[in-house]
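Over in TrEMBL, the protein carries these features:
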- 363: active site, nucleophile (ACT_SITE)
- 233, 234, 235, 236, 237, 238, 239, 257, 292, 313: S-adenosyl-L-methionine binding site (BINDING)
- 132-448: domain 'SAM-dependent MTase RsmB/NOP-type' (DOMAIN)
């Protein structure tokens, strides 16, 4: 039996996703029973964290073996990935038999998901606590799955999930009665349901926590020293920094994001990882192409065909993120991303040199944002052709968008529902690592 309920979604969104995973092509290929089983597994596994923590090592600064040896002094059971040369894996211990307590703290769903990935509870994430909670009290922490808990409540009995026990670091009055928003850790997790290794202050310049498919994207893009590369939707900068590291910090990586404070985050990550080839600018990437064909000296807009490679890690509905116990998004919100993704795609193709590589990726599971976008791109841009990906450790593309089997094999869809095993012991960690991931999609194009 699963330790968590299935992801909580609005009924209209559940029905929409069911239509995606039980589309005519899938039903014809695997049959209704298997298709329904995969869909139910998807809803279940999305609420659970992956069975490992993925760490990208800064191999532009030190050899992987040296980083692994240094980390092993702090973190045991450290493994290298068999196919990706800058990835280290650490098992996640869970779900563990943790006894629920009488004192209960309720946190928002986003905070609850962070706890399942190894975080403590930060005070702003607390929405309810016992009436007389004091610093030092041992409390059970629950995640509010539907966002219905009233801030400042003393108890909550709506739809929730237990994520572990911890020690309160502040009084209730500090959280809810202070004149200014409270900062810092609110509950120090000492008995989490899933125990993930903490990386607080551990080799900050040599390690970067990143989901495995997000690391794969950088390798699929294949940056080379001396190239000029564009990351169109770059924040918080994990992929940007990975691209620069793969180039040996030789060349230029231009990072764009439309939100100003996220640019600061990108530059901060670049500084921490000692990368000097990154230039970051605040801009909506749909406006990144110069209308008169000329490029500014430093920043955007850029002249057409001015980049060797382009990464479009597009804004998306995010339905592949794990753990995700609940979403309050409407179907209209879920379906709102396809037009924006296509506008970004138009800009990406214009900015890419002939003979250049464009990689498109999302962290969602819908056809509309993934395989259907590939079919649209191939029809809209005759200059584009799909290319093989290396490494290719995910599944092939999903049926339902009318793509041929040959084209589907060139796509890479990380589909945790295809091998979801609630016991988590069916295969050794390096094998599970490639399958027990977030939901993710990658397509690689060549501009002819």
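Keep in mind that glycine also has a Cβ here, set from the backbone N, Cα and C atoms.
On the structure: features taken from TrEMBL.
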| residue | record | Cβ contacts under 8 Å, 6 or more apart |
| --- | --- | --- |
| 233 | S-adenosyl-L-methionine binding site | 256, 257, 285, 312, 313, 314, 315, 344 |
| 235 | S-adenosyl-L-methionine binding site | 257, 259, 262, 263, 265, 266 |
| 237 | S-adenosyl-L-methionine binding site | 255, 265, 266, 267, 269, 270, 278, 280 |
| 239 | S-adenosyl-L-methionine binding site | 214, 217, 218, 231, 311, 313 |
| 292 | S-adenosyl-L-methionine binding site | none |
| 363 | active site, nucleophile | 211, 213, 214, 316, 318, 320, 321, 438, 439, 440, 441 |
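Here the domain 'SAM-dependent MTase RsmB/NOP-type' (132-448) has a mean pLDDT of 93 out of 100.
Once the Cα atoms of 233, 234, 235, 236, 237, 238, 239, 257, 292, 313, the listed binders of S-adenosyl-L-methionine, are compared pairwise, the greatest separation found is 32 Å.
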